[in-house]
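> Look at TrEMBL and you will find Glu1270 tagged as active site, proton acceptor. According to TrEMBL, the feature [2Fe-2S] cluster 1 binding site maps to Cys44, Cys49, Cys52, Cys74. The annotation [2Fe-2S] cluster 2 binding site is assigned in TrEMBL to Cys114, Cys117, Cys149, Cys151. If you look up TrEMBL, you'll see Val264, Val265, Met266, Gly267, Asn268, Thr269, Ser270, Val271, Asp367, Leu411, Arg429 marked as FAD binding site. The Mo-molybdopterin binding site feature in TrEMBL is assigned to Gln776, Phe807, Arg921, Gly1088. Residues annotated as substrate binding site in TrEMBL: Phe923. Summarising the annotation, TrEMBL assigns domain '2Fe-2S ferredoxin-type' to 5-92. According to TrEMBL, the feature domain 'FAD-binding PCMH-type' maps to 236-421.
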Amino acid sequence: MDPALELLFYVNGRKVIERNVDPEIMLLPYLRKKLGLMGTKYGCGGGGCGACTVMLSRYSPTTKKIRHYPATACLIPICSLHGAAVTTVEGIGSTKTRIHPVQERIAKCHGTQCGFCTPGMVMSLYTLLRNHPEPTLDQLTDALGGNLCRCTGYRPIIDACKTFCKSSGCCQSKENGICCLDQGINGLPEFEEGNKTSPKLFSEEEFLPLDPTQELIFPPELMIMAEKQPQRTRVFGGERMTWISPVTLQGLLEAKFKYPQAPVVMGNTSVGPEVKFKGIFHPVIISPDRIEELSVVNHANNELTLGAGLSLAQVKNILADVVQKLPEEKTQIYRALLKHLGTLAGSQIRNMASLGGHVMSRRLDSDLNPLLAVGSCTLNLLSQEGERQIPLNEQFLSKCPDADLKPQEILISVNIPYSRKWEFVSAFRQAQRQQNALAIVNSGMRVFFGEGGGIIKELSIFYGGVGATTICAKNSCQKLIGRPWNEEMLDTACRLVLDEVWLPGSAPGGKVEFKRTLIVSFLFKFYLEVSQILKRMDPVHYPSLADKNESALEDLHSRHHWSTINYQNVDTQQPPQDPIGHPIMHLSGVKHATGEAIYCDDMPAVDRELFLTFVTSSRAHAKIVSIDLSEALNLPGVVDIMTAEHLGGVNCFFFDSKPEKFLATDKVFCVGQLVCAVIADSEVQAKRAAKRVKIVYQDLEPLILTIEEAIRHNSFFKPERKLEYGNVDEAFKVVDQILEGEIYMGGQEHFYMETQSMLVVPKGEDQEMDVYVSTQFPKYIQDIVASTLKLPANKVMCHVRRVGGAFGGKVTKTGIMAAVTAFAANKHGRAVRCILERGEDMLITGGRHPYLGKYKAGFTNDGRILALDMEHYSNGGATLDESLFVIEMGILKMDNAYKFPNLRCRAWACRTNLPSNTAFRGFGFPQAGLITESCITEVAVKCGLSPEKVRMINMYKDIDQTPYKQEINAKNLIQCWRECMAMSSYSLRKAAVEKFNRENYWKKKGLAVVPLKFPVGLGSVAAGQAAALVHIYLDGSVLVTHGGIEMGQGVHTKMIQVASRELRMPMSNIHLRGTSTETVPNANVSGGSVVADLNGLAVKDACQTLLKRLEPIISKNPGGTWKDWAQTAFDESISLSAIGYFRGYESDMDWEKGEGHPFEYFVYGAACSEVEIDCLTGAHKNLRTDIVMDVGCSINPALDIGQIEGAFIQGMGLYTIEELDYSPQGLLYTRGPSQYKIPAICDIPTELHVSLLPPSQNSNTLYSSKGLGESGVFLGCSVFFALWDAVSAARQERGLPGPVRLSSPLTPEKIRMACEDKFTKMIPRDEPGSYVPWKVLI
């Protein structure tokens, strides 16, 4: 066999040889399906989440060095791996051999919750440590910049990182030359460390040391192969695609001559996503491998030449080196490039993407091209006809044929000239998130003054993100040449540039006025940067900057992360072996970190298994005229396509007494509605066929997308809900002032890391079915599947081992998809698997309800609110789902921490043509609470008081009554509030913020503190019942099963702690396998913060039953072991198995009367956040957050603090950066991590302090604990109100009128546009109605 056709690489030290390789296969499915390595996870398929991170190692025969780098397996074609070594999470350690220190520390520092993102985190960290065994904290946070986590809030992951740093306890910022550890925590007095609290959740002393000699070596065979590789081009041909891998420059030129249209692919980071998400197909791909000429680094003729094949990470390192060595005046452009390389994508993508690929793809939002263009860079091209040089200029960037490469030419290298004296280059960008986010607008600007004198000789300005390509303000620059560098020139420049760089109102991407404002804001920043340097270089001739402008130049303050945790040590009287109250690691923590934890899609393929994929509606409200399946059915591998007709009479299910259809019959009511299901032999075939299903629609009126449209068309789900207390109308007559206002709040995508997943296996006899599914509600899946198959429930078993994050999003839609999948499995008698891709998942499943809140408040001049009239409107989507329950909970919890003596609140769920919104952590409260807090903040402004004074005066004080007449004791609420004010040094910092704001015109800080009262309960007794089953085996080991689902919150860990306390046996003796309808029937949904409360009480009940039976045996033989006792019990015919049961908390609510006792207890808390904003760009930084929570008595403080922090960061995302964009036709644009930004490691507060109140007793709950899953989400709005405070300070200084109306999420766009100034006034505005906007506010 011809060796040139062999693909040879190593995976975890084992050799892999592939002979007939399909070039379309990526490394991720190859690892998972072919090699059975399930540790590497699918999270998004586009390199945007980091869940599939692996380490690639390559040897270079020229440098004789091995390069280790992180890469996302979902974008790596296996054909590009010839001669490389791949290391996956399984390759660095496992519980069977030994675990690696990275795996151990991330687990023991509690850096995993659902665990789905953990293997990617581990591999990113591991790769960094292979290159830098003693990294700095900067290198660590940089290495994790491309890894998303939805559960933890990142703080414990950073804690794990710090244990590898040279100086782990210190914040490494050495401000004023003093280490933070010497001066108490950042200049604040040390926290009291008495015996009450213990600051560490883990002990570093017992960690395995990092030993670089223990790592897998690079396979010597690959070194020999690289040294002696025959100089022959490798060609791999698949069914549809040919992959050509030249190893010499000559081979590359020949391939490009033969296939001029074939793209040249290095890292596959721009061609890969296009192929995957835009359906672009290339029959031939040319992928150069280790061609030395493509990785040159050369200094000559006052320029630096960089090979086009260098990765962006290599470019970054080279430039960092050059900047150190050359004088500053020569490195202007290199410094600018470095600034953008620091935030461009994540570490994985920077290591894969090549410089040439980045330049050639010419994306409209490319970060480097505007800089390379202003720097007058040139491109060295080569073809068989010879070499030539072209400028990287505007014509090249807009792909003008005469300024572009010819089809058979290759980009070899890029020349970047040194800068000259009196030449200055700056780089600017603004994105939704500081790192790993495509720019909304970016810019490169260069000015050259010849010699001193400050007269413009050359000026070049390029913008990205504001047109179809990178745009040059050429004419404006031309007109400014010869002008002196002063304010007058700046004003002219702004006007010229706005005229030249024109953006239509309907431009793709929206944010049009924001983009126009950034165009001039960046220009102003450039003007100031250059003025400041001129002043430094020649203080005599150049004036100083106006004081107020200095602040525009400083970066937002980012220091190293540090955090403190404060919780109670267990009571000294507690027996040492009792685990309750100890920070015990998540039971699956180590398995998460080694990739051994099995999720639904990690289950091995069943024999003859089929794959199901859905075809969804592309219209929001239309009649289905026809469905043509013929072309799709004729494709190879397609087994069946099911429509509503096939399902016949079982095409619907009653959820909450309203019928929900599975597949659309004659009409569709939203984009993303399921229309039919394609079943094929493989995922690839099913997806291909789904694209060939032809559906003809006829649009219907009306199309209702927004809450306002629903109100206009009176389109609501019945009934409306109403709660009244006191006499509102009378109270309005006696107040001093009345204000009316409203606030809009956008929705939120769950973004659980594991997408919707299910596998249905027919057992082959008695029509039995096993359903393995990632869900929060196995009983519902069992019911819906049984009903669809017309079987009794006892034939259908639903099994859930663990769920990779859910947050409320794995209940109703999951059931519908499981029913259709089960129908297919039953029809064909074969197992069927259905795994949604991230984009499908986001399109189909809906999320948190967008809200519109209207309020009318009557209050006295000292800020007491005596009358409040509220209206809540939620956008429910096309079907009812949980919308009614969400608005009910919203109304019941809307008072938050405040006593309103006269209150009326009405709520409506709007029916719109959007995918149905559903349950989401917090369940209506994050929306209702924000509306109330917004009202309070406005009252404060009207009274001229600070918001915290108005919050304090209206707060529940002692024993009181809620609006639904349930008694409340607010002692702990007040204590949380006071502790939070003290712990955050609120009044001191308030004064410091005010001083900062007086001294800085373009930067503002804001500070806000928000209280929390979160009622916990489900509204009915039946919804709170729980059961458990505990077996003791004859060797003394115990098996626990219960009805709760493990989705990251650690419920299984807590259940084992409960069994360990009750049975008085070590935790290591107790095992828990998963949740199944076979062991615990009729279990309620896992949600509502009460999963551990309820199931724990059931486990406790079962254990107590067993102990009571065994008491006589144990008392006769007190020194015996559990094995002895179990054997004796068996010999005496005493049952060693018990069922535990809890009937549910007392709970009722009468909506007619508007009163009841719906909740069992209240979780109290408070959070104080400080932010800093850049008024010119809208960027913000979370500087510090302090959280105090009342958790009763914590069962496991590590898990509880993990819940508080994770919820807080999720809430912070909800209120600041997570923005869903819908088209005017109802299509969701934001369908993946590249468009939808959840908080990343760069977004968490630089300082985060969490403190739990001392224990308080509550006789009804499990060991006096409280459920903490949801309450923390709302505390994220402390960041929203801190931003509000900063924006208000900016507006006040600029003399702008009264309270500013801001909506959530408070994105950079909204922050910038609210800080009105001369630049926002200067931009052209479009008349509403004169254009079709790109997106609508739903």
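The backbone N, Cα and C atoms fix where each Cβ goes, glycine too.
Each of these features: where is it, how hidden is it, and who are its neighbours?
Counting only same-chain residues six or more apart in sequence, the Cβ atoms lying under 8 angstroms from the Cβ of Cys52 ([2Fe-2S] cluster 1 binding site) belong to Leu28, Thr40, Lys41, Tyr42, Gly43, Thr72, Ala73, Cys74, Gly120.
Within its own chain, Gly1088 (Mo-molybdopterin binding site) has Phe923, Val1016, Gly1017, Leu1018, Gly1267, Gly1269, Glu1270 as residues 6 or more apart in sequence whose C-beta sits under 8 angstroms from its own.
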> Which of the binding-site residues Cys44, Cys149, Met266 has its Cα nearest to the Cα of Gln776 (Mo-molybdopterin binding site)?
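Sorting the binding-site residues by distance from Gln776 (Mo-molybdopterin binding site), the top entry is Cys149.
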> Determine, to the nearest whole angstrom, how far the Cα atom of Asn268 (FAD binding site) is from the Cα atom of Cys44 ([2Fe-2S] cluster 1 binding site).
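Cα-Cα distance, Asn268 (FAD binding site) to Cys44 ([2Fe-2S] cluster 1 binding site): 16 Å.
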> Residue counts in helix (H, G, I), strand (E, B) and coil for the domain '2Fe-2S ferredoxin-type' (5-92), per DSSP?
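Computed counts for the domain '2Fe-2S ferredoxin-type' (5-92) are 20 helix, 31 strand, 37 coil.
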> Please compare the binding-site residues Cys49, Cys117, Met266 by how many other CB atoms fall within 10 Å of each one's CB, and tell me which has the fewest.
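Lowest Cβ count within 10 Å among the binding-site residues (Cys49, Cys117, Met266) is Met266.
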> Using a 10 Å cut-off on Cβ-Cβ distances across all protein chains shown, tell me which of the binding-site residues (Cys44, Cys74, Cys114) has the largest neighbour count.
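Going through Cys44, Cys74, Cys114 one by one, the largest Cβ count within 10 Å is at Cys114.
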> Which chain neighbours of the [2Fe-2S] cluster 1 site, leaving out Cys44, Cys49, Cys52, Cys74, have a Cβ atom within 8 Å of the mean position of the site's Cβ atoms?
Leu28, Lys41, Tyr42, Gly43, Gly45, Gly46, Gly47, Gly48, Gly50, Ala51, Thr72, Ala73, Gly120, Arg838, Pro1233
> What are the non-local neighbours of Arg429 (FAD binding site), defined as same-chain residues 6+ apart in sequence with CB under 8 A from its CB?
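Listed in sequence order: His340, Thr343, Asp367, Ala439, Val441, Asn442, Ser443.
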> Measure from the CA atom of Cys44 ([2Fe-2S] cluster 1 binding site) to the CA atom of Ser270 (FAD binding site) and give the result in Å, rounded to a whole number.
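One finds 15 Å between the Cα atoms of these residues.
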> So which binding-site residues are near Cys117 ([2Fe-2S] cluster 2 binding site), with CA atoms within 10 Å, out of Cys49, Met266, Phe807, Arg921?
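Cα filter at 10 Å returns Cys49.
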> Looking only at the domain 'FAD-binding PCMH-type' (236-421), what is the model's average confidence as pLDDT?
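That region's mean pLDDT is 96.
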> Starting from the Cβ of Cys149 ([2Fe-2S] cluster 2 binding site), draw a 10 Å sphere and report how many other Cβ atoms land inside it.
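The Cβ of Cys149 ([2Fe-2S] cluster 2 binding site) has 30 Cβ neighbours within 10 Å.
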> Relative to the mean position of the Cβ atoms of Cys114, Cys117, Cys149, Cys151, the recorded [2Fe-2S] cluster 2 site, which additional same-chain residues have Cβ within 8 Å?
Thr112, Gln113, Gly115, Phe116, Thr118, Arg150, Thr152, Met753, Gly804, Gly805, Gly1048
> Can you grab the distance from Cys149 ([2Fe-2S] cluster 2 binding site) over to Arg921 (Mo-molybdopterin binding site)? Cα atoms, rounded to a whole Å.
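Cα-Cα distance, Cys149 ([2Fe-2S] cluster 2 binding site) to Arg921 (Mo-molybdopterin binding site): 16 Å.
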